[in-house]
Every structure is written in structure tokens, then in C-alpha cells.
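Report on one structure; see the data block that follows.
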Amino acid sequence: MASKRWCFTLNYKTALERETFISLFSRDELNYFVCGDEIAPTTGQKHLQGYVSMKKLIRLGGLKKKFGSIAHWEIAKGDDFQNRDYCTKETLIAEIGAPVKKGSNRRKIMEIYEEDPEEMKLRDPDTALRCKAKKLREEYCSEVSVFSLRPWQIELHRALMEVPDDRTIIWAYGPDGGEGKSTFAKELIKYGWFYTAGGKTQDILYMYAQDPERNIAFDVPRCSSEMMNYQAMEMMKNRVFASTKYRPVDLCIRKKVHLIVFANVAPDPTKLSEDRIVIINC
């Protein structure tokens with residue numbers, strides 16, 4: 001039978017034997033570990049009484065393979081605190097991590113996900129999906145990109161060094177494709193920018209409302225050029241808008257942000273005021 005929570009008893013003769021056994025427990029593989037020394041009152045035998053909460057399910061055979069066959073193992077009863085009290089009633093020898101009461105929310109959701117992603121997918125698929133997305137985003141943002149900036153990218157970078165206002169929309173226009181628009185847009189994600197390929201107004205506003213102080217990058221695919229969402233752009237740039245999807249909220253934000261549109265088409269002058277647009281030709 002497999003379990004994450006086990007208790008053990010290890011009879012030993014020397015301190016070296018005891019310490020060698022304890023050293024086998026890795027912080028990366030467990031949530032909590034504690035052990036204490038005891039001496040049997042009738043025989044005088046020294047033994048280590050311990051408890052471990054592993055991150056993954058493990059069977060008795062797996063424990064013996066990992067920690068050797070000299071210890072006696074049983075599936076633990078009670079919570080972390082109860083097992084800690086039992087194991088340390090005479091002497092505390094070693095402790096890794098912190099005990100958690102049964103049903104406690106002290107441990108972070110991400111830690112629970114990383115212990116057993118498949119279990120969380122079954123129990124709470126929505127939370128598991130968000131955890132997976134967060135992990136993938138962290139990995140993406142940690143990757144170092146090396147490339148030479150093109151002239152238009154240098155011009156755009158200089159524009160972004162200016163203090164943003166509540167009107168200007170920067171339009172990176174490249175009709176041919178392959179100019180590096182999407183490459184630049186995706187790189188901005190690593191600097192905390194909100195990235196969107198467009199879509200329905202309320203879908204965009206709902207996602208942006210999660211953190212509405214971010215700079216904004218619209219990376220519009222060629223196939224969506226005829227459905228450019230000028231409404232969402234202007235609402236987000238104005239810093240006052242309502243997100244009505246799922247959790248309705250009215251947002252009034254003081255912080256001004258940059259908004260860039262990366263597109264294969266020029267802006268439609270009938271949809272946005274001409275003085276709003278700063279075009280950078282790619």
C-alpha cells in the first residue's frame with residue numbers, strides 16, 4: 001500500500017550509523033521530517049523514532065530501496081504535530097520543514113501542485129491549470145534572449161524610455177512580416193507587460209483587469225487585421241473602464257502606461273483620433 005506519510009523505528013549502535021541514515025532524507029523529496037532518540041527501558045537499546053511526510057506517494061518496497069532495510073516502517077496515523085510530539089518525547093535529533101495540521105491551508109497552493117500535479121488535476125482542474133500556467137510563465141521569463149535590435153526596434157525602445165501619457169498609442173507597422181514584431185512583443189512579457197493577440201473587448205478587459213497597471217502590447221495576427229479591436233485599445237489607454245465578465249468591476253487607474261500595437265496593417269484613421277497615433281515603420 002502506498003502513502004505519503006510514514007513513521008519508522010531504527011535500532012542503531014553508533015552515532016555514525018544514526019547520522020548516515022538521517023542524511024538519506026532529502027529536503028527536495030519531503031514536506032516534513034522529524035526524528036528523536038529513545039532508549040528502550042527494558043533492553044537499553046538505542047533507537048531512532050521518526051516520522052516523514054513525503055511529497056509523492058511511496059510504497060514500503062520503495063522506502064526500503066531508498067533508505068535500506070534496517071528500519072521498521074509503518075503508515076503513520078495522526079497529523080504532523082501529533083507525530084512530532086510522539087517522536088520527540090525524549091530528545092529531538094533532526095527536523096526538516098514545518099509541521100502542518102490536517103486541513104490547514106498554510107502550505108502554498110503551488111507547493112501542493114508541485115508535489116503531485118496529477119492529483120490536483122483530478123481534484124481541482126481549474127487551480128491546477130493556473131499553477132501550470134504560472135510555472136510555464138516563470139520558465140519563459142527566466143530564459144535569456146540574445147538578438148541584435150533592428151533600427152525600428154531601437155526607435156521603439158527609445159519611445160518606451162519616455163514617460164507614458166493617457167493618449168498616445170504606438171503603432172509598430174510592418175506589412176511584409178518577418179520584421180521581428182512578434183519577437184519584440186513576446187520579449188516584453190519578461191518585463192511584466194500584458195500581451196494579447198486581440199479578441200472580444202470583454203475578454204481582453206477581463207484578463208487585463210487582473211493587474212491593470214501593466215503596460216500593454218497588442219500583437220495582432222495578420223488574419224485578425226480586419227477585426228482590430230480599437231475599442232479595447234482606447235478604453236485601456238484611457239485608464240477608466242469596466243470589466244463585466246465573470247466578476248464585474250469598474251476600474252479607474254491613475255498610473256499611465258504604454259500601449260503598443262504590432263500589426264501588418266496601418267491604423268484606421270476613422271477608428272482612432274489621428275493625434276493619438278505614433279507610427280513606427282518596421
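Cβ coordinates come from backbone N, Cα and C, glycine included.
Record note: among 78-84, 99-105, 113-119, 197-203, 99-105 is the stretch given as motif 'Nuclear localization signal' by Swiss-Prot. Residue counts for the motif 'Nuclear localization signal' (56-77) by DSSP state, with H, G and I taken as helix and E and B as strand, are 8 helix, 7 strand, 7 coil. Each residue in Asn264, Cys282 lies on the same chain as Gly174, Pro175, Asp176, Gly177, Gly178, Glu179, Gly180, Lys181, Ser182 and has a C-beta within 8 Å of the C-beta centroid of that ATP site, without being one of the site residues. Packing around Glu38 (divalent metal cation binding site) is summarised by its Cβ count: 17 other Cβ atoms lie within 10 angstroms of its Cβ, all protein chains included.
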